[in-house]
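> The structure under discussion is supplied below as structure tokens; questions concerning it will follow.
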Amino acid sequence: MTKSTVALTLGDPAGIGPELVAKLLAKQNIREKANIVLVADKDELEKGMEIAKAQFVYEEVSFHQLGQYEFKTGVPVLISHKSSHPKPFEYGKVTEQSGVYILETLKVALNLAKMGYVQAICFAPLNKQAMHKGGLRYRDELHWFAEQTDFNEFVCELNVVDDIWAARVTSHIPFKDIVPNLSIKGVFDCIHLLYRSLVQAGVENPKIAVQALNPHGGEGGVFGDEEMTIIQPGMEQARKAGIDVYGPFPGDTTMREVERLKINGVVSMYHDQFSTALKILGFERGVTVQGGIPIPITTANHGTAFDLHGKNIAIPTAFEAAFNIAVRMGQGVLNQK
């Protein structure tokens, strides 16, 4: 079977990203799972290896050489990218120069995917404040990725812990705005997006649970009717599309139903509704997937940890999980061709 090719970036070099990449690629079994293309400042990569006390062999190639390059098992390649910002990096803090570098390396990785050189992208933790200083015009990277890929359909952040995936109909909005932003189409789109992502990650016939909005699932309209007027009609559309969907389940019993029914994915109505339980289940193993974007893109579900830069105490568990999902989804892209 042909291996997928994954682009890997350092995220924000002022944080723990370079250390995490070094620790990840020091593992031979990781390097052999996929063909790996590092998009990074060579000096920052080497600093990460020095911090982590972790070494691995890589080969340096240019962007245009990659199309004819024959990968060697367990040997990543590096496309070295120097930031266009004139100032050097300042470690352990939010800076414009880090933000510029983050956006530039992600653009290179996206271009690799557009050219068909890689099937997925995994980036080390980045900092949104730095990215805004560096030119990001969107509230988060998800909508920036949508712009960069000319994607105008529904997108949402997916959270993953172990074998449980989660999506949400609404996300980074005030609590008072949740109900006005719920719709039958939104519920269906979210279910459908989660279903497609699970299939791309190699899950056959995924089971998806949907959460109710109101206490006790609305109690037949006594505590609210959104379950009847919005959520259930959206679920019915999903069933007609051939998706195996269950619920709507009250928020406080959803995890029990996930375990009982062996659910693969959960659709919630708002940001913290299911992610709280998911993070309790395994915060240190959490992964974020940029849901809906035509290129599979993953990262660890934690931040840059500026205070840990240079200390060699960053734990790579979540980043390794993110890389593994990128490999699986990249394989799904190959299998679709």
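Here the Cβ of each residue, glycine as well, is placed from N, Cα and C on the backbone.
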> From HIS85, HIS132, HIS143, HIS172, grab the residue that Swiss-Prot records in the same divalent metal cation site as HIS216, HIS271.
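The candidate from HIS85, HIS132, HIS143, HIS172 that Swiss-Prot ties to divalent metal cation along with HIS216, HIS271 is HIS172.
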> Using the structure shown, find which entry in HIS172, HIS271 (the binding-site residues) has the sparsest Cβ neighbourhood within 10 Å.
HIS172
